[in-house]
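Right, one structure below, let's go through it.
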Amino acid sequence: MPIPILHCDRNSKELYSRFLQGAREDLTTATDRILPILESVRTQGDQALFSYTEMFDGIKLSQLTIDPKKIKTNVDEKTKEAFLRAKSNIEAFHMEQKRESWSKVIDGNRLGVKYTPIPSLAVYAPGGKALYPSSVLMGIIPAKIAGVPSIQLITPPQKDGIPEILVWLAQIMDIDRIVTVGGAQGIAAAAYGTESVPKSEFIVGPGNAYVAAAKSYLSGQGLIGIESPAGPSEVCIIADENANPKWIACDMLSQAEHGEDSSAILLTTDLTLAKRVSEELEIAFSERPKRLQMKQTAIYENSSILVFPTLDDCIWFSNELAPEHLEIQTKDYESVFAKIEHAGSVFLGPYSPVAMGDYISGTNHILPTARGSRIYSSLGVDTFLKRVTFQEVTKESLENLYPFVKLMSELEGLDEEHGTSVKVRTRQFQ
């Protein structure tokens, strides 16, 4: 059952029905299941967290938080070297995003912006097979650069304790505490706060449908901020006849490895390349059978190769799709990139697979999905900063601008108090 190869143009109805409806996860069922959990944590606090941890994780905890500085770790040196290299690159990239407060005189008044960090952050790290220590770096580093003063790591407990790599990362990133609670109850603890778990104003990090549902619901209630709403992982690849079909197949499968709901879409004008990529996918399935059923489901059911008449058509569709990850594997990839408007993160040229950004290059891998990059950006320093605008109006400027305030406030029917609050400061009133 090879991957579907579809011949398309801008008027193809299937493009809209199949690809442009948005692939955001339907969290209705998950939300229904987690609402009682959220309410229990809100009303019962620590007691609910102990109970749910024993129920879902099979672990009876004696405490809910630990100080990472008090735990000895034995992470091997090669692993440390890899994560320290990633940490260095991520820090260097995100340092370029730092903001400076500013002010400027406009029409006689000093106006400006003061940047202040959010007061607190929780970073969620899933447990078990879905352990993503790289996401811990991606969430914490830009927050640290932004100046967030309080950061806690939330992760489900394991039968043999918290994974050493997470503890070590918490140590080198100077995290306040590790909260040993996972799932929706862990998200609720961060949003509401309990006797042992301080409330956080913002939370980031990957998780299953129940974690996503809890984040979405609690954010909608105004209880905690989140990064862009999450959906299944996705990659879009724009490629021409110069691209390597084996490399493209590998890049598509690297997304399929995330889960059967992941998607990988190749956009090309070259039918020969399309067929060769399809063949390379089948070869890869036979050569690398690990997680075979999951990868095949993602490729056969959620992925496609789309053949368009022109490269501009491929670019147009990519902008409509607004993918989480976009690879551009064309001869003149810079000219293609110049026309890209919507993508979470872009990978330019044949030697820039998504996995480089996932781990080591330095860009952030916490990205908007399901066409979210049309309105959201990747996680960054700005995510954790607030803009406080200010103005200092001079006496002379107030005198000069009062007639305009008077006219505008009268027009809106608010002159009695709005207009008066300016008028009483003018010479004619005094």
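Glycine too: its Cβ is placed from the backbone N, Cα and C atoms.
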Site-mate of Gln255, His258, His418 for Zn(2+) in Swiss-Prot, selected among Asp174, Asp176, Asp332, Asp358: Asp358
One of His94, His325 listed by Swiss-Prot as binding substrate at the site of Ser233, Gln255, His258, Asp358, Glu412, His418: His325
Local Cβ density at Tyr124 (NAD(+) binding site) - other Cβ atoms counted within 10 Å: 26
Site of maximum Cβ density within 10 Å, from binding-site residues Ser233, Gln255: Gln255
Span of Tyr124, Gln185, Asn208 around NAD(+) - largest C-alpha separation, Å: 13
Secondary-structure category, per DSSP, in which Glu324 (active site, proton acceptor) falls: coil
